[in-house]
Amino acid sequence: MGKYKSHILVCAGTGCRASDCEGIVSNLESALEENNLNEDVQVVRTGCFGFCEKGPVVKMVPDNTFYVEVTPDDAGELVLEHLVKGRKVERLLYIDPDTKERISDSKHMGFYKKQYRIALRNCGFIDPENIDEYIARDGYAAMGKILESMTPEEATAIIKESGLRGRGGGGFPTGLKWEFTRKAQADKKYVVCNADEGDPGAFMDRSILEGDPHSVLEAMAICGFCIGADTGLIYIRAEYPLAINRLKTAINQAREYGLIGKDILGTGFNFDVEIRLGAGAFVCGEETALIHSMEGLRGEPTVKPPFPAEKGYNGKPTNVNNVETFANVPPIILKGSKWFSEIGTEKSKGTKVFALAGKVNNVGLIEVPMGISLREVIFDIGGGIKGGKKFKAVQTGGPSGGCLTEKHLDIPIDYENLLQCGSMMGSGGMIVMDEDDCMVSMAKFYLDFTVEESCGKCAPCRIGNKRLYEMLDKISLGKSTEEDLGMLRNLANVIKDTSLCGLGQTSPNPVLSTMDNFQEEYLAHVVDGKCPAGQCKALMHYIIDSHLCVGCTLCNRVCPVDAISGEKKTPHVIDSSICIKCGACLEKCKFGAISVQ
Amino acid sequence: MASVKLPESKIQELKEVCQKYDNKGSELINVLHGAQELFGYLPAEVQEIIADELNVSVAHVYGVVTFYSFFSMLPKGRNPISICMGTACYVRGAEKVLDEFKRILNVKVGETTGDGKFSLSCLRCVGACGLAPVVTIGERVYGRVSADDVKKILSEYA
């Protein structure tokens, strides 16, 4: 950052790029030039700030003014007012929803107050394409410390004692995994970074790779030293082009600096990293399937044992960790296991990154200490439910997780508690739903995903999930009986017990958890033939109130299937056997005569 | 082997892609990525050439191509439209947006319009959940799309 007096940080994560942050950057640069400030002020593209709801985000450093929802047209004003005249541009500051006051420092915003950033420590602070900025924030210091003063056993012990557990979903103790791979005897071993973030609605791994790629490279090298591997492989989704590019840049820079490659820091330790592209298969998040995919095969899982720690990539011992897990490693090495294990709960240490999305006011990426309650996450950080609607459920763990309700809001979030409630930590997707969301439709949505993504190797998952989907579809069409609900639960349990890999073993969770927590809603569909949330089209009936209808014929004209009839100036009627429930008439009626039942 | 209809120069380029990965069978997925970049899709004859070059069976190549959703055996339209069907987009109404695209373009998911201008597909989460529901057309990302916006978006490609 050297010669510049101040910096303008512009979020260049995928979300903000979609809102034209590049336009903001170029307009800022030309405005700086016009005002002869281009020598003193530098515009930096950073990784994700997390506050995607209010993006694009622009932050002024060193005074930390945090501007939200900036457009390219605002660039000139920002430079002229903020930098030249020294006045904050009030209209671009965040408005506190409670006090209605404008807040300029992100520290005081509800969204950031309860966060604790370890894995995301550099996201939004540094230029991810500049290795010097990473190094300036203690980058590669952890690797240096280990290479110079520790044995692999000592370094592994730090990770073990810290209590760090796999952040990809399973929650297996990371140090233990490293130890297994270290103890395996072989002439070649591999470190694999699982960046195949397939859970729809989770984007923390992408944001870490986009915002702080070096932290993952450094951690992989540390892991390589601990387990005795000289090759690292990053398996990343092809759907993340920006993350792939930033990783490539980071790998090249690290090689240039001698921080990966041969004889690192003159210690004789060799470690290099390659990228492997995924090709869009959710099951490849499972480690054995991922390894097969890297070998150029169909990404089908195999039975464990043997675990990858004994027999993995090319039949050699392989340690697979996820991106977020790796991002936690360098700070643990630098600050010590005690520091890390003091954060969180008894069995779940440290922090967890969640992708908060759905019907919540502040959509974004957050990192919170383990043990925080769902209520704090959704209402304090997330700012509550959009449009003042009522909270109904929160789905954690993606297609493998479950829906939690009001009664779970005060449970401290950790691996064990979420499992006990019938959900799971998963990779950290957190989708908030309100009263308008139908739980049967939600379960159906996830099953549709599983059916499509099942690799087809084992029968319970391939056939069972398809049947589950069909049963749910029958419920949403109002054609089921109470007996079917018993069969649904029975089949769900069979799939859980008999599937080969984690995908099948967890795929019925969305069904089981919604059945447990929203039994009345299932019964309403089955017994009363009604969808309380008004989402299942087949169970909706459009009705015209003959007292309110003036016979303007507007509905008649917009109906695409001619289901509405009636003479001019007399009340109209809808023939429900023809009606396709498109809702066009409801939108057009000016007299509020049409309603849904 | 089916009669090859690809131009000789393209075949040469494809062989170069294979060579870049040392014609190794274990690099099949990387080779397929390269090939799809070259042709836009992976027709049968491309798969046959790859099988030949990497010394693996055509069945193996076909098995891998059909396993992964990123690979396509059908040509895409000049403007490939993808509707994000990730959970965040779904709860914010992505299905209605998809229905509107289907209605206006008169194609199903996975199909291309008769004039080859648009193809329609779904994808799972581009990670721009703050902008849900999200639609991508080519490289361009559209955020907070509603069914009413669809017509306007398509008119940009008139």
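The chain as shown is numbered from 1 upward.
From the backbone N, Cα and C atoms, a Cβ is placed for every residue, glycine too.
Its own atom aside, the Cβ of B:C84 ([2Fe-2S] cluster binding site) has 31 Cβ atoms within 10 angstroms in the protein chains shown. Secondary structure at B:C84 ([2Fe-2S] cluster binding site), as computed by DSSP, is strand. According to TrEMBL, the [2Fe-2S] cluster binding site annotation covers B:C84, B:C89, B:C125, B:C129.
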Please compare the binding-site residues B:C89, B:C125 by how many other CB atoms fall within 10 Å of each one's CB, and tell me which has the fewest. B:C125
Please report the number of other Cβ atoms within 10 Å of the Cβ of B:C129 ([2Fe-2S] cluster binding site). 32
Look up B:C125 ([2Fe-2S] cluster binding site) in the DSSP assignment and report helix, strand or coil. coil
